[in-house]
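**Student:** Please find one structure pasted underneath; my questions will follow.
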Amino acid sequence: MPSSTEVATDECDDTELRCRVAVEELSPGGQPRKRQALRAAELSLGRNERRELMLRLQAPGPEGRPRCFPLRAVRLFTRFAAVGRSTLRLPADGVPRAGSVQLLLSDCPPERLRRFLRTLRLKLAVAPGPGPASARAQLLGPRPRDFVTISPVQPEELRRAAATKAPDSALEKRPMESQPSMEAPRWPLPVKKLRMPSSKPKLSEEQAAVLRMVLKGQSIFFTGSAGTGKSYLLKHILGSLPPTGTVATASTGVAACHIGGTTLHAFAGIGSGQAPLAQCVALAHRPGVRQGWLNCQRLVIDEISMVEADFFDKLEAVARAVRQQKKPFGGIQLIICGDFLQLPPVTKGSQHPRFCFQAKSWRKCVPVTLELTEVWRQADQTFISLLKAVRLGRCSDEVTRQLRATAAHKVGRDGIIATRLCTHQDDVALTNEKRLKELPGDVHSFEAIDSDPELSRTLDAQCPVGRVLQLKLGAQVMLVKNLAVSRGLVNGARGVVVGFESEGRGLPRVRFLCGITEVIRTDRWTVQVTGGQYLSRQQLPLQLAWAMSIHKSQGMSLDCVEISLGRVFASGQAYVALSRARSLQGLRVLDFDPTVVRCDSRVLQFYATLRQGRGLSLESQDDEEASSDLENMDPNL
């Protein structure tokens, strides 16, 4: 997210890491013979007087004497880095045959851990330093005294690392028991590929303010219109918090999967929350559920607009009862994200939804509200202004003219046609199945690999990919995960299947609207379920894209979209559909009727109060349109 107002938000650089560490001394056979557990420790990368790359381990308190380990032949195990765990195996005194020391890192903020490991790998790749000196040289030479923290990664080091990548085969064949040479290997780590992300993630001033409040332990609700970077910021927040005690949830399974969490209902363990409070408390006292409540220190809730007020109040009361604390929400820090002007809570029958901000406990649980105002998804100011008006239920003659004009847009090319957003999921399934059958040729089926096949239905509900993906030549598809942001291969990127590999699994080759043709390989999704258990699914990051539902599109950015709003049934639904498009040129609206643009008057009042508290008003967004706009309030209210 480039911007002139970007600021870095990390409190310390990528050469330091604070986490839990277990130090294990291993026998020559690899068996642990001594273990020391440190609940809070600091790891630092640096060099000694001989310019050797070192790792310093510092524990607080009386046992805080620092220990330094040479990194000449370090091995990294990073399979669980995404959940804040990793292992570093260091040969004792840098000699592989002398037994090893193993550092088991846990409860690391995942983003901090990723960048720490990246820095370690890169420094070893570009500046391995001299090999281990002989015993005579060590006795006669100066004693390595000082530990100097290494400098942050420089652009020149990135270029040098990219120019010195070793072939993967050489890494795999390197014998572990060979005699160490006097010249340290250029890359001693058993990794498949050196990935060089661009600069450190940056946040805007608004986003950085939210992160600072979160890291101070403040309960907060941050909001903003579609495309203001709420999901981006939420992922950055989760990467900055220790996994232990942090529970990531969302109101829907798909939204929960995007942040690697679980649904709010699954975490709470009280079903729909319709039962009396005493019964809900009893349900929450079941062993697995109760422990989850007790362990929770920070509760993240995404897509809050779809959470009903009564359910929020019930959760707040259950939290206090189970945790036996009188503080709001049982003392849990709340990190809440969403836009109440988007999709409302789902209710049965003619019952009107009550939004979370109407909950009795809302104000005491969420004392701070911050609004993101800078739009990142769309760059066209005309389109941004149009979406702002639609978000507030305003549909002037000019807005109507612009949206009706999109009916003539040709939003696809090179065999890629627009995705139709539907108000009902049944229409999506029927459309995709019908269009796939109409294509000639053989069906290519790709089955997912689930970590627990017995819980596949849970993964179906929370993953954006299904157990089975069926494709044909010419199938319209959409990426459902970021693969290479700099190349345009992002979540929501549209493409068409142009072939299949002749070997192996016959992986699909997809031509994307951005002009890139890519063979799509299996990726992994991880979700958290009740009791803290993690489930994973491996599948191609694709879904059929002739049609998709408005609900499942929430939070996505789409290249080319076709919308029919004739069956819109909820406030905010038209706005969510329209705001999925990255540009006005990539949007086609069929049979537009300005009466479908409406929003809930209670939500308007909530945001008006919020802005007035900051010395702003909703009218100040666009005074020219405000004078002629029609206020389309939901007629059911």
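Glycine is no exception: its Cβ is also placed from the backbone N, Cα and C atoms.
Residues annotated as region 'PINT' in Swiss-Prot: 1-180. Taken from Swiss-Prot, the feature phosphoserine applies to Ser27, Ser151, supported by similarity to another entry. Per Swiss-Prot, region 'Disordered' is recorded for 159-184, 618-637. According to Swiss-Prot, the feature ATP binding site maps to Gly224, Ser225, Ala226, Gly227, Thr228, Gly229, Lys230, Ser231. Per Swiss-Prot, DNA-binding region is recorded for 573-592, and the stated evidence type is sequence analysis.
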**Student:** Out of Ser27, Ser225, Ser231, which has the highest number of nearby Cβ atoms, where nearby means within 10 Å of its Cβ, if these are the recorded positions?
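**Tutor:** The most densely surrounded of these recorded positions is Ser225.
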**Student:** An 8 Å radius from the center of the Gly224, Ser225, Ala226, Gly227, Thr228, Gly229, Lys230, Ser231 Cβ atoms defines the neighbourhood of the ATP site; name the other residues of that chain inside it, in order.
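**Tutor:** Sorted by sequence, the hits are Asp339, Leu372, Val375, Trp376, Arg377.
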**Student:** Return only the integer: C-alpha distance in Å from Ser27 (phosphoserine) to Ser231 (ATP binding site).
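**Tutor:** Pair distance, Cα basis, whole Å: 46 Å.
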**Student:** As a quick check of your reading of DSSP, tell me how many residues in the DNA-binding region (573-592) are helical, how many are strand and how many are coil.
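**Tutor:** Once the DSSP states are binned, the DNA-binding region (573-592) shows 6 helix, 5 strand, 9 coil.
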**Student:** Using a 10 angstroms cut-off on Cβ to Cβ distances, just flag whichever of Gly224, Gly229 is the loneliest among these binding-site residues.
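**Tutor:** Taking Gly224, Gly229 as the binding-site residues, the minimal 10 Å Cβ count falls on Gly229.
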**Student:** Among all the protein chains here, how many other CB atoms are within 10 A of the CB of Gly227 (ATP binding site)?
**Tutor:** 20
**Student:** For Lys230 (ATP binding site), just count the other CB atoms lying within 10 A of its CB, please.
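**Tutor:** Other Cβ atoms found within 10 Å: 23.
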**Student:** Sequence gap of 6 or more, C-beta under 8 Å: which same-chain residues meet both conditions with respect to Thr228 (ATP binding site)?
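**Tutor:** Listed in sequence order: Leu372, Thr373, Glu374, Val375, Trp376.
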**Student:** Return the count of C-beta atoms lying within 10 angstroms of the C-beta of Ala226 (ATP binding site), excluding that atom itself.
**Tutor:** 22
